[in-house]
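Trainee: Pasting a structure below so you can have a look.
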Amino acid sequence: MARLPLLLALGLGLGLGLGLAAKSPYQQVLQHSRLRGRQHGPNVCAVQKLIGTNRKYFTNCKQWYQRKICGKSTVISYECCPGYEKVPGEKGCPAALPLSNIYETLGVVGSATTQLYSDRSNLRPEIEGPGSFTIFAPSNEAWASLSAETLDSLVSNVNIELLNALRYHMVNKRVLTDDLKHGTTLNSMYQNLPIQIHHYPNGIVTVNCARLLKADHHATNGVVHVIDKVISTTTNNIQHIVETEESLETLRAAVAASDLNSLLESEGQYTLLAPTNEAFEKIPRETLNRILGDPEALRDLLNHHILKSAMCAEAIIAGLTMETLEGTTLDVGCSGEELTLNGKPIIANKDILATNGVVHFVNELLIPDSAKTLFELAQESEVSESMNLFRQAGLSSHLTGNERVTLLAPVNDVFKDKPVSVDSNMKNLLLNHIVKDQLSSKYLYHGQKLQTLGDKELRVFVYRNNLCIENACIAAHDKRGRFGTLFSVDKMLTPPTGSVMDVLKADHRFSTLVAAIQSAGLTENLNRPGTYTVFAPTNEAFRAMPQGELNKLMGNAKELGNILRFHMADEILVSGAVSALVRLKSMQGDKLEVSAKNNIIHVNKEPVAESDIMATNGVIHAVNSVLQPQASRPQERGDEPADPALEIFKQASALSKVSQRNPRLAPVYSRLLAKMKENSGGF
């Protein structure tokens, strides 16, 4: 008997699960429209209408609050939800539409022209009689938008052409929107030719790329869906369209050269953004020849024009990101009547339907990063100034050929108000911004060594908030080209030229510090391999000390060594790693507090005069003051030993409040009061 409640619960849960199946996107959007319209009465739906047109949409929350479709303003109107009608004198749309046959229903739902042509073509008896049909009925406006030539060819032969056209809009079973699954096909009543169905996440449903306007109108012998176009049969795959369209001649040759014919003939649901001959002609001849002559780059280029799913123009009412066969993404959007790619209205002809997807003609070539040279990658990055330097230095061949390299390109802000001339020293420095091998930042690791074309060794530093190569930190996502990768960095790189001790000796600002290091016996430490950060006091810092204090310090090797070790840490910290407060343990034992304020690094609140002087075994930051360890500073009130009586008083104050709420703590409070009397000698 104990198992009975469990079985009942399981049965109830299963029943609820079956009864509460997830609604289709169309039904979700329709439900949202119902909620927005309910203040106007039962079965009223809120509809967004594009200003200046007759186009209406049931929309989701996002479109509702934005009040825009394809970037254009909309107005809200309220009308009866599908399947309902008004009753004079009553609020809203309380009455269901009369249930009649399909022929009669066509006249009620705004497809009187389809009703008229059904009569003329002798389809009427079939859709008035018994059966279970679905008809995707073009609206009156859809018929009116046909060219005169097309319409004449249909109505001049009503018993064959018009009848066949209408039967292609029909399915020999009842199909509601919940049954219209994305990427499926339905067999039409004209020679069983397929009708392509797409049901998008935004709630839009298309039939051969025609949008459902009014769906799920029930009839005694089926269901009527009103669509915004007259659809035509589709028998050609995408490859056939490419082969037969004159404006795609260059694309046709490229597809053949990359062996993509079989893909474009295969079953599936793709979107081909087909570059026209004009699109190829806009590309510099040198660039185009390079890509066409490189099978891998060419294949990446073409795959970048193929979306993984069929996307009809009518389904795009706002921007969305679509994945290509190459693995990249494109921003597909719309602006009024125009479709856009990456924000540009470059789609010239849309919705050419194929058996395995849809084709849109584009009049600009979309070149992916993976088919570009480093110079081409840089055109879309904020590194134009540094690229000019590489050109002037005669290093272009490394950035345009098939050499596998990674370019560390300083961003334009580095050169702001700092004109740079290219001489032999600058050329050598630029060579050290080109790393051998094509790298990806996500695979770099702390302590990794990189070799440059200038035969220098660069170190990688991985920090919590940054990824740096020597003193330069990566400022943007890397761009991976055909043979090279572009790292945009926030500084000109300064490769290390010697040990910490070598660098200090070579800089006249640190002559006093060098003498102090030698006196303290620390020279060997700063010459050996390691990972040091040294906050190096300049001569000015030592001159700022009282002379007597300086003489005393210099005469005491032990104390001098203690002070100097307080300026050193056993890990490398470059300025790019400092955003918030960073605490470094000095080699003396106390902490160094490093922070950044207004783009200036501070250590223990003292500004750093020059940061990131790189050495082979560390980094040097110049400071204009001698830092003092905590023990050497005058003692502050916060560091005084705690008064036991004061601590007891604090505890007693807290406990007195708690004991008033909890009598069990009263004895503890009494003992604390007794201790206070002992420490104070009574009150």
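Cβ atoms here come from the backbone N, Cα and C positions, even for glycine.
TrEMBL lists these features:
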- 41-95: domain 'EMI' (DOMAIN)
- 99-231: domain 'FAS1' (DOMAIN)
- 235-366: domain 'FAS1' (DOMAIN)
- 370-493: domain 'FAS1' (DOMAIN)
- 497-627: domain 'FAS1' (DOMAIN)
- 1-21: signal peptide (SIGNAL)
Trainee: With helix taken as DSSP H, G or I, strand as E or B and everything else coil, how many residues of the domain 'EMI' (41-95) land in each class?
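Mentor: Tallied per class, the domain 'EMI' (41-95) gives 6 helix, 23 strand, 26 coil.
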Trainee: With helix taken as DSSP H, G or I, strand as E or B and everything else coil, how many residues of the domain 'FAS1' (370-493) land in each class?
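Mentor: Breakdown, helix to coil: 36 helix, 33 strand, 55 coil.
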Trainee: When secondary structure is assigned with DSSP, how many helix, strand and coil residues does the domain 'FAS1' (497-627) contain?
Mentor: 51 helix, 40 strand, 40 coil
